[in-house]
């Protein structure tokens with residue numbers, strides 16, 4: 001599983017030169033390659049729906065496990081991922097999988113991370129097919145983008161719209177059930193099993209020593225029970241709130257991008273005009289950004305001037321010494337010539 005490089009909307013083969021200086025709409029693509037069926041499930045969503053953090057990863061992975069893995073009767077799951085700490089390799093992902101094992105959804109779960117520098121895998125091949133097809137198409141709307149992703153070879157599309165039941169806040173629930181692992185970044189292989197509830201087996205490599213950590217929290221000296229975990233996962237996963245709207249980008253899309261969009265696609269929501277309140281907030285954001293940039297430049301200039309002022313006395317003294325030495329040398333030369341004339 002992994003994230004692809006961001007796709008952008010609009011995306012056309014003959015890109016207007018003005019667009020190179022603009023920030024277009026980002027579309028995120030998260031892929032899970034289902035090796036049993038040689039199918040890649042691609043979760044696609046716009047930047048206004050969610051970000052690319054650990055809650056998003058947990059949400060999509062949990063959705064895939066429930067809808068595909070468990071639904072097809074599998075009891076053993078092996079997951080391969082890269083070492084990105086902010087998305088995959090962290091306590092929240094490990095504890096979400098630990099919860100699934102403790103609830104008995106799966107008998108065993110192995111989470112394995114590629115060695116740094118060797119992270120290319122099956123999901124990247126799927127992304128390559130999508131990007132190749134994407135580069136050949138003129139894509140003006142989200143619907144067109146979804147068609148491109150769905151048409152890519154061995155691809156199954158999972159569109160996550162603004163109103164969805166996929167994105168959840170997992171970190172609160174798993175933090176209540178389990179303690180944090182120690183030195184999670186030092187290990188490459190993690191194992192969880194139903195018959196060893198709340199315990200993670202860790203190894204630094206395939207032949208490394210197995211280290212076990214019981215992560216269950218204790219309530220009145222009673223460790224987190226299977227029922228407690230199930231209740232948290234079934235009743236206490238709040239919807240993940242979307243990012244704050246980017247009104248400045250919306251203003252830019254309408255004023256500077258929409259003019260290049262064919263008439264039949266201008267009614268798409270990404271090209272909507274901002275209302276008066278959104279216009280005001282966009283202008284305020286732009287003003288604040290410019291003010292912050294000017295302040296940063298002023299601080300940098302002041303620091304540079306202070307550095308020059310500090311080093312000036314030393315330079316001045318050296319200059320005076322060099323001038324005196326040059327003058328003395330010049331004064332001696334006429335006397336030498338006078339002796340030769342005699």
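Glycine too: its Cβ is placed from the backbone N, Cα and C atoms.
Automatic prediction, not curation, is the source of TrEMBL annotations.
Looking at the stretches 17-35, 36-54, the one that TrEMBL records under the feature transmembrane segment is 17-35. Here the transmembrane segment (17-35) has Cβ contacts under 8 Å with residues 1-4, 6-11, 41-47, 50, 52, 56-57, 60-61, 64, 68, 121-123, 126-127, 130, 142, 145, 149, 249, 252-253, 256-257, 260, 270 of the same chain, all six or more residues outside its ends. Confidence for the domain 'DUF7869' (25-198), expressed as mean pLDDT, is 91. Residue counts for the compositional bias 'Basic and acidic residues' (265-286) under DSSP, helix first, then strand, then coil, are 15 helix, 0 strand, 7 coil.
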